């Protein structure tokens, strides 16, 4: 076995650098192990390294641990090395050291080759070596990127058996892995069990809670961090907590964090961006604008947040003025401005800006075109929608699920049912949004049977209907007068899909029952709506009152009035 390994290495050396005897032995004095190591330390190029490696083979050092460590370390250097060459050396080494395994795992992870990193880790374990606190963090990063919760738990078991279960570097990376695979409770458990928490541990959990949508918990954890006072919040803490404040609309806490950041920390561009985004999304444009104007360094994110802030409150003129003077007009900023025009039904302005975008040679991404298609759908602008579809094809923009869903919606709302179905059935992968789009499209066009047929097809897939899907199906039942089918669909929301029916679902069912003259059932249904208040049920009683008039039910009508 050893002889075969040596022969493979010899052939490898021969193939990769055919050197003349004169060049191969051009060193001034006979090399020793010590001089080889010294040469490797001072090596400046791959060509030089290959000559040294040839000498290590002739000196019998090709399996020497210290020599191999230096060879692999140089080959994995991002500036001077050659990682493919490192892989070839690694595959020929009979018993790699833990150092070599760690270097290979780290480099695979940094290059995004997460599966290869896991395979190398498997070889490490097969060889009987125990990982150290340099191994685990990169392995957990690879697992997190691959979403391998089960594999992560297994390796967590190895950590528990070692002396590293309280190593901060290892535990922090383990917490982050659990966040990446959606096991936030496991991450929190590790956090709670830590005897000492550094700022990395706090930041991992706070950002993890934000990522999982647990914004209230993130804000509470930030409060606990401030209360304990053992670790000072840093830039990463501030940015994550501000994201939670934005999602919760917690302007009060956002202002407190603003004050803290200015008093205790140096306000960086990243923190400024987060504050600007928070103020804009919470509707405090005066504060946001002052912050924006005071910023010495404004990057593209600053300009985009400010333009989007004006767009969201309908101040399109001010948004456009800022857009025109921005030095960073990238595709994101163009998209934000075009979205604003579409949102407020200024379709001519949206198309005009898109045409200017082409003149400026800014390549539009799919989000710009999806926004324009949404505008066409809202206005029933079929010709413009067809032109955008043609633009997509002419410019070879990939018609992925997002783009096709927008096309389906546009064609369906413009009455081109066959074209919408053609695009839908041409999709290789259909997600909830695409199913919902075609079902709602059929419902809008009065194609009740087709809408229900499509819903039945969707139920046979792994895609779960959402709130909008059910609105489309119930609307189809209402247009078709399918009372029994409508009742079944409504009941399935809670009994089959374990979702809580929204007010819109009740409104659709009430419309269906009112059309059928089932007024007593409607009255009972309204009375049974959980958490109702006057503001929400007045429109529903309005529908019932109208039905009382239609069906001549004076007694109930007087009671409703």
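The backbone N, Cα and C atoms fix where each Cβ goes, glycine too.
Keep in mind that what you see is a predicted model, and the values were worked out from it rather than measured.
Per TrEMBL, the features are:
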- 97-131: repeat 'PPR' (REPEAT)
- 167-197: repeat 'PPR' (REPEAT)
- 198-232: repeat 'PPR' (REPEAT)
- 268-302: repeat 'PPR' (REPEAT)
- 330-364: repeat 'PPR' (REPEAT)
- 400-430: repeat 'PPR' (REPEAT)
- 431-465: repeat 'PPR' (REPEAT)
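Long-range contacts of the repeat 'PPR' (268-302) within the same chain: residues 235, 238-239, 242-243, 245-246, 249, 251, 254, 257-258, 261, 308-310, 312-313, 315, 328, 330, 332-333, each at least 6 residues beyond the stretch ends and with a Cβ under 8 Å from a Cβ of the stretch.
The list of residues near the repeat 'PPR' (330-364) in space but at least 6 beyond its ends in sequence, with Cβ under 8 angstroms from a Cβ of it, reads 300, 303-304, 307-308, 310-312, 314, 316, 319-320, 323, 371-372, 374-376, 378-379, 381, 384. Long-range Cβ contacts of the repeat 'PPR' (400-430) within its own chain (Cβ-Cβ under 8 Å, at least 6 residues beyond either end) map to 366, 369-370, 373-374, 376-378, 380-382, 385, 389, 392, 437-438, 440-442, 444-445, 447, 450, 461, 463. Within its own chain, the repeat 'PPR' (167-197) has Cβ neighbours under 8 Å at 133, 136-138, 140-141, 143-145, 147-149, 152, 156, 159, 204-205, 207-209, 211-212, 214, 230-231, counting only residues six or more beyond its boundaries. Only residues 6 or more beyond the boundaries of the repeat 'PPR' (431-465), in the same chain, are considered here, and those with a CB under 8 A from a CB of the stretch are 401-402, 404-405, 408-409, 411-413, 415, 417, 420-421, 424, 471-473, 475-477, 479-480, 482, 485, 489, 497. Mean pLDDT for the repeat 'PPR' (400-430) in the predicted structure: 95.
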